[in-house]
Structure formats: structure tokens, C-alpha cells
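Quick look at what Swiss-Prot annotates:
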BINDING   C67, C69, C82, C85  Zn(2+) 1 binding site
BINDING   D499, D501, D503  Mg(2+) binding site
BINDING   C867, C943, C950, C953  Zn(2+) 2 binding site
Amino acid sequence: MIFSQGASPLKGDFSKIKFSIASPESILAHSRGEVLKPETINYRTFKPERDGLMCEKIFGPTKDWECYCGKYKRVRYKGIICDRCGVEVTTKSVRRERMGHISLAVPVVHTWFFRSVPSKIGALLDLSTKELERIIYYEVYVVINPGEPGAKQGIKKLDRLTEEQYFQIITEYEDNQDLDDHDSDKFVAKMGGEAIRLLLKSIDLNETAIHLRKVLKESSSEQKRADALKRLKVVEAFRKSYEPQKKTRKKAVGLFPEDELPEPYVFEGNKPEYMVMEVVPVIPPELRPLVPLEGGRFATSDLNDLYRRVIIRNNRLKKLIDIRAPEVILRNEKRMLQEAVDALFDNSRKANAVKTGESNRPLKSLSDALKGKQGRFRQNLLGKRVDYSGRSVIVVGPELKLHECGLPKSMAIELFQPFVIRRLVERGIAKSVKSAKKLIDKKDQVVWDVLEKVIDGRPVLLNRAPTLHRLGIQAFQPVLIEGKAIQIHPLVCTAFNADFDGDQMAVHVPLSQEAQLEAALLMLSSHNLILPQSGKPVTVPSQDMVLGMYYLTKSRPGDPGEGRIFYSDEDVLIAYNEDRIGLHAQIFVHFNGAVDQKFDPLRVLDTIVDPKSEKYTWLKSQLEKKTILLTTVGRVIFNQNVPDSIGFINRVIDKKVAKELIGRLSSDVGNVETAKFLDNIKEVGFHYAMKGGLSVGLSDAIVPDTKVRHIKNAQKDSTKVVKEYNRGTLTDNERYNQIVDVWQKTSNIVAEESYQKLKKDREGFNPLYMMLDSGARGSREQVRQLTGMRGLIARPQKSMSGQPGEIIENPIISNLKEGLTVLEYFISTHGARKGLSDTSLKTADAGYLTRRLHDVAQDVIVTIEDCGTTRGLHVYRNIEEETSGQIKFREKIRGRVAARDIYDTLNNNVIVKAGEIITEELGDLIQETAGVEEAEIRSVLTCESKIGICSKCYGTNLSVHQIVEIGEAVGVIAAQSIGEPGTQLTLRTFHQGGTAQGGISETETKAFYEGQLEFEDLKTVEHSAITEDGVEEIRIIVVQKNGKINIVDPDSGKILKRYVVPHGAHLHCNAKALVKKDQVLFSSEPNSTQIIAELHGRVKFADIEKGVTYKEEVDPQTGFAQHTIINWRSKLRANETREPRVLIIDESGEVRKNYPVPIKSNLYVEDGQKIVPGDIIAKVPRNLDRAGGDITAGLPKVTELFEARIPSDPAIVSEIDGYVSFGSQRRSSKEIKVKNDFGEEKVYYVQVGKHVLANEGDEVKAGDAMTDGAVSPQDILRIQGPNAVQQYLVNEIQKVYQINAGVEINDKHLEVIVRQMLQKVRVEEPGDTELLPGDLIDRSAFVEANNNVAEKVRVTEKGDAPSRIQEGQLYKTRDITKLNRELRKNSKNLVAFEPALQATSHPVLLGITSAALQTESVISAASFQETTKVLTDAAVAGKIDYLAGLKENVIVGKLIPAGTGLKRYRNLTLTGESVETISHDASDDASTQNGI
């Protein structure tokens, strides 16, 4: 690594770091002396040996201001070099920065450049790693110059020779050895590092590059081109390392005389021979310490051992050379030296790594010190230990304010000790620091008074590990408390994910003024009420507080004082305090403000007041005028805490309402008022939870009486299913699915009834029901298990078919109150254990996902206000998604900037203008306006900012509801927002105790709205069938795939809902008919896909042979035979093929229709049978994964999407719009052809047995899946382009988070990550740019490369141009035009030229791991993964890290370029109009006099 000159690298201000291969000169320039001896310290004196690995002369003194021999002591001799021992008198800290060196007897190859993949040395010399290894380890000679003997023998440069061949040539041509080494006729062959060095030195990089480019252009062999490209990449990397230097040299030459250029400008770029070392640097001794242990033993760093081996072998080799030892011995010693240096640099790569004596573990080399979690980057540079910090157990502090935390006095005095000491000395209470310390140790009362003063207004930071998102560290104002535990406010527990079962927290003290200011303004807990991931409140009351508020605001019919009328709130409170009215009594209060209520008071009025009385009439008129309010006493008490601007909240307050209310408050009245409100409702909640005496007893869990009846019915139904199976009308798969259905329905009915029973118990005041209904604790699922029945349980191991989610078909009938039988208990233990083990395994996965996300997005910062793009993202209203509880249209557009005007098409007016922010209110308005079907919004995905992103494309900062500020680290926030719920996603499994909760297979689909029906692409046939009662009925059967039924609003013609009708469904309605809500539209069989006949005719089997392509299973009880298609490939001979299909033929025997039948399908027709439209030909069973709830699908699915992996069994996707036809059948695959109207045809080969979704003649669009399986994101990118794949990834990841965990993450966070995955392009044709085919580069770098050649031309014929103009080279258009003008004037031949060709490329979708490794920053990539590879590549290419991201700045110890650390904010000067003088505080004087 090359640093600017100076005593210590990296001191002072620097803006970039350059990586390059260290030349022998630069190693010597950094060295303070040569290490000659392997010794470290003297065994008697324990002082460092001279010229050894710890030598004071080379590395500096071991004691401050004292030389080795003791002649010079004390600071006054600073800088003097002792004439006796040669040690400079200075501080011992120099032993952390001074380096030494070892001069090697023979050159040694650096293992990084030789063993990296692809090998850098191998690529330059065109040698394989194996051949290189043989040369480097002295096994064969390599020809460096064939000379005259070589020419005669037919030997070329780089040929390998054995020892015999070498000596044969040497003896044959003895005179040859007398020639000078530089003579071209001399035959030279060598081995080892020396040979490699000479070969590398002889390489002309420019010539090699020209030659390789020529091969690339002209060679027809694919292999040759691939090899040339691999080599060219390394050659170009070396050539690039010269480029930045040329520019800096140009600048410098004018400033300094040529021979006095400073070191950075002398650097000429990387020379290939630098990869072979003549000098090995020795790192400072303090970085490889030797530590004395008790008992006179020493602990040493492994590096000392490795250096010792190098020095011993090097010294031995020097001796052997001096005494002219035989070649064999020398060669062996040289090989051992090479191995010793290899081990020093990278010991883990070697198969026979050097191991320690005692524990037999491999020694940690220099590479290991950088790599991995314990390496230098992650252990010391990214995660440092912090002073002024402490940790302790946390307990709840219910009396604290939201911005406060309770800090134990003993901790506070330790943390703030220096400040207390200073204050004690300043005020004359203590004479010196020592006496102040004594006072503190005595715990004098005055110390506590001073401490109170010191901490006043000084926030502290509290952190709970794991810090998954930024709310894991918050600032609080400390309050001194007795005891040893930190107290925290109950409302911040959610943000920290803390509970009080032994959790610990760390305290940090911000020291500088800036740090204190940022902590107080940005990190104070009362300023962090909103979750950055979704914009929803995070400080929401939970558990007791929710229960207390719910109890307080609930009404109870017949409570004392019901129906009384009060003039004001005060009157109500007085009456309640005097015990005249009950807490839950429904009363009337005069009120004129805004009211938030969801019920109609007129409907319940007659239950409170006699309808015949005058009071009723008067109250009714007042309620209609809205001058009086029907509410409860509790709600009046609750509303004392609600700000007036919000109005009167006349609702039962459960968790959901509380969350909504806090959200409204934070956006309407700001954080200060909201924090006050939160503190007040915390008090109220705890108070009334206590007053209500709400606790759970066994009698509160009530089992419904109807449970026994429902279970009997279910047992009857399942017996009926088994009978049908025995009769042969059902397959085993259908039997299983139907039995599971029966029990799932029963389980749900019992659960619902037990819930209703709880609801009615004690007029809704059953504690268990209140806890559940208020959202304080528990779920319906838990009530079902407590009082209903535990239901179906997922099967432990994966089933034979590899389906993880199979269900045991015998349910657990008991519930937890009644108790389980032994067998039931045994079955249910599995789920509980699996939950716990899953949790621990998956937490690590989620953490690793977070780390990768953070690494890929850490440099995404808001850099400019507006990038000026005209592109945007189209967001559509999807009613189906909204009704199924997914994200609403409003959520997708809220907080974004409109890219185009948003119109209401029905009323033809603009709701939002382009460039405006869609606020909360506008979002609600758009959601409710039926005329807005879509909106085009600015998005991170379409942002055209070159560095980072712009604030217009990002939209609002979700945690403050305002447009994002420049400098916001949105990449880190995105990574945290996705990673934090990732762990929650994981921790969900065991809450269900492994019970199966899959969706009940609903066979009937009902209308969601009233409206008129419209059929779209719906092809049907009529079919007569005999019902169970023996009556014939005509059914309408759907025979088209993907047909749709739309419900349309008859007035506006707007589609309200769209249903996709499955193939084989039975229609219950007609086109254009008017339907009511919940009317049945169609019914379908959910457990199988049906193949339905569309024509009259006769069945003919093709390739359906018993024992070959189908098996016959006869049920022993019924005698009924079931025909199932089997996987027949193994039964055939080579080149033999089959394609089982059912043909429908007419009377003449001509084939009318062809139906391929996939493997595992069950046939429902016989060969030769007559068939009518609507008959079932076959059923393909669906494997329903019913076990649902387990996240096993969740986290791996998210990882698969973020890593852009190709699914294990991807669907085959059409690349063009067109019509499907089937081609020929092969042994293991069949052809599907798609042909469009322009005659273009694409052919796809589908594996036999894969279910084909498309039928002959079907129309498909580009991107449609034609077979089952997941669609690969790479296919979407290739066929539909980057926009489609971005949308696909965002939507798919959202689905996993919402469906599996119900977690809400704003789209913009996913967009930030997906944008990073598509930042790179792959060069296809480089044109005349300097790019290489197959290069993976940043999109902006690609555009820049093309812009560089846009103004240039390539000379095809130079004419009479001067010699500086070369054919095939690029020149600026204006220069050549000017030259041609001059040539024309002089009647000379003009220069012929053509425009320079631009490069072409295609976008590449990278997974987050590879995207993080491909980042522009070397330091960031190196600290992520594959450290040695990243550093090797960077050094070869002479890369410069411009320190643009966050991570690299943390590593080099600079302020991060985000937030207040942005360059533009660094050197602000404040100018003020007037200066205000602040009077001296008299109270401070008084306190001084009192001795504080």
C-alpha cells in the first residue's frame, strides 16, 4: 500500500487511499533497519536482542524516553540516537508504527499473486498454476532465453526442462556459458522465484495487450478467445495502475524539478516483477507482541514464529551460498525459504500448513489477521471497544418520563468521574485530582450533589444487543437511582425488543459538544416515536397499559348511574370520585367539539333510556344536533389526556386504536405533545389495570357445550370420506385432503364458538376475553388451543415426497384446559421442540442476511435534491390484494413524489400535481376516489443520480413525515428495516406450538361486491351429471385456463373485483347477470387440477401401457381399479421414447383433440369409451402445503430473492408473444414451440414429467410461464427488462413479509436494495472503448466510457499525416478535421477516418453478496468477504478508494459522509446579526458558596 510521505501513514487529512504492489524500494523506504537474527528477547535479561525481531535499534525503545543501554533517560534527550546502543530516544508508541525488513538471499514469489484465482502470474506468463508451482518450488527449469542452443534444439521461451534435459544442453554447449547474460544468443534457463522474476521483467505490457486484443478480434476458436480474455484482464489491470499516476505527474512536473519529484509522483505504476519479492517487510513489534505470563513463560503472536522460520532459513541459505554448497542442497533450502515466506503471508491456503507444537493448530499468518470475524477489519476497525461505558441488568421504571432512564448512582459516578473531579477541583472542594478521587471513594454527600449538577442536561446513550435497527440505541436523560439495575421506560421496550427477564443494556456517555447535541436532538427517545421501516408508531402501549385503557373505556350495561346527563367533564369526574356513578356507566355529557366515534348513539339510546319518556325525546333531538355526547365515565377520564385538537375519542381503546391515535398525534401535534400524551396514558393504563384487578383464573377459560356435537359430526363426515375412498370414487390423495378439510373446518367452528362464549361471559368482562380483545396478550389461536381443540398438527419429518408441510390427519381433539391424552401430548411435543430449535438456528441466518443487506447498501446516501429524471414507477390499485389484507394503494403512494399529474378520471380533475409530495391526507383522498386507478410516482429504482440517490426519488423520511434530507443514509436504514423483521420472521414459528393452520380448501367462490357480471376469455361446455339424490342436472363447466369473471359497477362501468376461474370449475351464474354480495359464482375442486373433454367422440389411449407408463392399483375391499401414470423413463431402452396422452377421435378415426397426461395423474376414462364435453379425462393431484405458519418458507425465500438465485426447478418462460404448439417428443424431453404473427418461432425443451400449463393453440405473452415451477428473476430480466424484474423482486419479497409474518415494510426500502442489485452492466461488444468483452462495470462507468469515445474518430488510412498519427488509433474529431484542412491546403492525401464505435452492454442482476463484493470501494469489499482476493485484485490494478461510503470511513477512522458528517456541513461558519450577553447566574454563585 502506498502512502504519502511522513513519519506515520494515515495521519492528517487525506481523501483517498491507493492500493498497489509494494516495490522493493518502497519496502526499504518504510523500513528502519534489517532484521538479521531470529531471536526475540534475551532469556536472562528479558530485553530485546539486537538485530532480532524485537530489536530496539530498528523498532524503537521499549520504555518511554529511554535507550536500550540506559545512557539516555528522560524526555530532555528527545530525538538523540545513542552512540552506544544505536536506539533513538523517543516514546515507546513508535513500536506500533516502525517497520523493518528481511533481505532475502533469493527472490521469492508472493503467494497471493500466484495462488489467487485466476493466478495473476499465470495469466501474465500464460502458464497453468500446476506448471507455475513446479517452477516456483524448484522442480523444473523454465527457459528464459532459448539463445542459439535453444534454436538448434527447437526449444522456445517458457518451455519447461527437467534437470537431465537442462544439463544435457549445458554440457553440449559449454562455450555458451561464457557469453554475457544479456547476449541474445546465450541459452538461459532457471528455476524458482528468480526465474519468474526475470520472465515477468521481460514482459512488455503494451505489446501483450495489443496481441491479446488481436486474438480476441480475429480468433475463431472459442477456447482461445476465452483464454486471451482472461489474460487480457490481468494485463489491463497492470496497465491501468499507471493511468492515475500520469495525471498526477502532469500536475506535479510544473511544480517541482524533474529529479526532485516527491515520492508519490515518482511511483510509476505496478511492475509485474514486484509480484516476486527480494525484500520481506517486517511489521512493527507491538502488532505481534510477546507478552510475559506468570510462571516465567511467554505468550507470543504466531507471526513471530513465522518470521523466525523465514529468518532462520534465509540465514542458512546465505551461509550455504557462501560455502558454495552443492546445487541439490541449495535448491532444497531455496524451496524451504519459499515455503516459509508463503506460510508467513497466507498459511491457511496451504494443504500442509505450518502448525503449532502443543495444540497442533495452523499458525495465524498475515492474511488470517485480516480475514473473517476475528480479523483486523471486523474485529478492530469496524467494532471497537468503547471507553466511558458500562452495562447492567434492566428493570422497569414506570414512574419515569419517556425521555428519562434510571441510572444507578454507582454506575453514574464511574462514568462521569472525570467531570465530577473537575467540578470538585474547580469549586475548591478538593485541592487536587488525588483528593477528589478520595472524596469520590468515600461516597461523600457533596459528591452526589455535584454528580446531580454534572448529569443535568447531559444525555446518555442506552444500547441493547442485538442492535438490529437504529432504535436499538437511544438517548435518555439520566435520573440517579439507588440499586444496581438500570431503569427504562416501559414504552421504549418495543423499540429495543427488551423485556425484564434478565436482559442487559449498555450505557455510553457522549463526550464532545457535537455528540451531546446530536444525542439530544436526534437520538432522544421522545424524538423516536415512529418506526423508520413503515412510518407507524413504535412507542405503543402494550400489555398492562392496553388492558387498563381497554377496561377503562369499555361500557357495561346497567352500571350505577347509567343514563344520567352531565353538564361538563368536571361534573362527571366529581360524581365518579364521590362514588355516585360506575366507571363503565353509559352517560350523556354536553359537548360541542370534534368527536371520533364508530357507532350510532341513536341506535343504542332506547337500551339506556325508556323510549316513551320525555327524556328520550329530548336526548334524541340533542344527539341529532350533536350538542350532547353518549359516552362512558371511563372515556371521559381517558379523554382528559387527549389534546383538544384531536377531539373526543369516543371508542373502546384497544391496541389498534391506541396505535392509530399515536400516529395521528405525532403527525398533527408533534413529538413533544405526543410524548406527554404517552406518559399520561401509561399512568392511566397501569392505574386501571390495577384497579380492575384483571388476572386470569382457570375458570375464565370456558369450553363451549357444543364441542362434543361438532366432533361427532366431524367423525361421521370423515367416516363417509373413507367409505367413498373404499368404493373407489376418491383417490388416496383426495381422501387425505378431504379428511384434513373436515377437521380443519370443525376446529375453526369450535374455536369460533369458544370465542363467542368468552365474549358473552360476564357481559364481556371476562379477563381472558379482555386480554385477547384488547390486543394486550394472546391471540385467537391460543384461545382455540385453551378452550376449543388443539386441532391438526404438522407431521414431524419431511414426507417421502419431500413435502415438508404434511399434516397428521388425526387431530388433537382435547384442549389444554381439559388436558391431553398421552398420545396427543406426545404428538404435540414435536411442534413445541421444533419451534425452539428453529428459532436458534434461524436467528443466525437472519443476522447474516442483515449483514449482507447492510454491506450492499451502505453507500446509498441522499446526495442531491433532484436528479431531474422524467421516469417514474406505475402503481396500480389492486382490489384483490386490498381485500386479502395486503398493502393498500394508499400505502404504496403515500410519502412519494408524483412523477406525473394524478387524475380523477370520473370527475376529470387533478388531485396531485407532478412534483408534489403525496401526503397522508392526499393518500387517503386518492384511496377513496374511485376514479384514480393508477399513479406514476418517483422511485429510487428510476433515480438517475450518479452518486447515491436524490431526495425527490426517495420521497419522505418515514420517521418524520417530511421530505428526506440530503445526507440521510437511506441504504443503512433500508438494510435495517428489512433485516430487523427478518429475525422476527424467524421467531414466529414456535408461538403456534407446531399446530397446522393452513387455509381450508374453499370449494365455493362468492361475490365480494354487488354488481353486474362480465365474462372475459371464458370458454364453457354444458354437461349433464347425476347428483347424489339420483337427479340429472345440467352443469356449466369451464374448459379454458385463466378465464376471468369481473364484477362491474353497473353505473360507472368500473371493475370492482376480478376472479380467475380455474380450469374445470362449475359455474353458478350467467354473463351480464346482476349478483348480490356473497352469492356463489363458481365452485371448483381445490385438491386437484382436472383435464376436461371439450368435444364429443371416443377415447383412444396413446403410449398408455400397463406396467410401462401406468400402474393399476386395485382396492382389496372394493375391487375398484385406479389407473395412475408413472415415471416411465427408467423402464425404456436407450433412444426409446413415450408420451402418454389421451386422444379424442371421431367416427372416422381422425384425431380431434390431443390431451397429454402428466406423471402422477389419475385416469378417469377407459380406452374406447364414448365421451361428451365436460367429462373428466384425468385429475392431476395438487400437493397442498397446508402446514402454513412455519417461516421455513419465509427466510430462505427472502434470501433466494435477494441473492437472485435461479430456483431449483424453474418454470419455462416464453420469450415472445405468440401461440403454443407441441413439437416432437424425445426420450427425456418434449418440444414446446411458440410462434408469433411475424413468423418468429422459439423452441423450448421440457423435461418429461414436468406439468405443462399451456395447451395446444393457447395464446401466451412474453414472460408467461408455460410449465409449473417458480419463475427465475434472471428470465424476467432477459425477457421483460430491468423494470419488470425490479417490480417482481419488490412484490415477491413484500409477499413473504406480509403473508408469513404480517410485517409491514415500506416499498422504498426494498427498492433501495433492488436498485443496488441492478447497478452493474456486462459489456457485450467493447467497440473502440478501453472496456473488455464480459467486463462487469457500473452503469455510470459504462456511460462515461462511451462518452469518452463519442467525440472521437478512428483513423483507417493515415494519408500524408505526420508520424504521430497512427492507423487504428483514436483521435478527437476536431483535431483530425483541422489536420485534414491543412493537408487539403497543401494538396496532400487526407486522413481517412470513421466514427469511433461505442460499446454495447446488457443489464446484470447480481445477488446481494456479489453486489457487495463488486462495490467500487476496495476497503468496503475487503471487510465484507474474500479479503485476500479483493486486496490482491485492487493492488494489481492500482485501485484508488475515494472513501465515498460509510464503511470505509469508519475503518480509516474518519467521520462518515452522511448526516452531520457530510462535507458540506464540516466547515460551516456561523454569522449573527447581534450578540446577546447572558447574565451571570446568581444561583450558580450561591451553590458555589454552599460548597457544591
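We count from 1, first residue shown onward.
The backbone N, Cα and C atoms fix where each Cβ goes, glycine too.
Swiss-Prot feature annotations superimposed on the structure.
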residue : record                : DSSP (3 states)
C67     : Zn(2+) 1 binding site : coil
C82     : Zn(2+) 1 binding site : coil
D499    : Mg(2+) binding site   : coil
C867    : Zn(2+) 2 binding site : coil
C943    : Zn(2+) 2 binding site : coil
C953    : Zn(2+) 2 binding site : helix
Zn(2+) 2 site, defined by C867, C943, C950, C953: further same-chain residues with Cβ within 8 Å of the Cβ centre: I864, D866, T869, R938, V940, T942, E944, S945, I949, S951, K952, Y954
Rounded Cα separation (Å) that holds between C953 (Zn(2+) 2 binding site) and C85 (Zn(2+) 1 binding site): 67
Length of the line joining the Cα atoms of C69 (Zn(2+) 1 binding site) and D503 (Mg(2+) binding site), in Å: 54
Residues flanking the Mg(2+) site, with Cβ no more than 8 Å from the Cβ centroid of D499, D501, D503 and excluding those residues themselves: I394, A498, F500, G502
Binding-site residues compared (D499, D501, D503) - the one with the fewest other Cβ atoms within 10 Å: D501
Least buried by Cβ count (within 10 Å) of the binding-site residues C67, C85, C950, C953: C85
Per-residue Cβ crowding (10 Å cut-off), top of binding-site residues C82, C943: C943
Per-residue Cβ crowding (10 Å cut-off), top of binding-site residues C69, C867: C867
For D499 (Mg(2+) binding site), the one of C67, C82, C85, C867, C943 that lies nearest, given that the binding-site residues are compared by Cα: C943
Separation of alpha carbons, C943 (Zn(2+) 2 binding site) and D503 (Mg(2+) binding site) (Å): 43
For the Zn(2+) 1 site built from C67, C69, C82, C85, further residues of that chain with CB within 8 A of the site's CB center: E56, Y68, G70, K71, Y72, D83, R84, G86, V87
Using Cα positions only, nearest of the binding-site residues to C950 (Zn(2+) 2 binding site) (C82, C85, D501): D501
Nearest-integer angstrom distance between the alpha carbons (Cα) of C67 (Zn(2+) 1 binding site) and D501 (Mg(2+) binding site): 56
Cα separation, D501 (Mg(2+) binding site) to C85 (Zn(2+) 1 binding site) (Å, whole number): 62
D501 (Mg(2+) binding site) and C867 (Zn(2+) 2 binding site), distance between Cα atoms, whole Å: 50
C943 (Zn(2+) 2 binding site) and D501 (Mg(2+) binding site), distance between Cα atoms, whole Å: 46
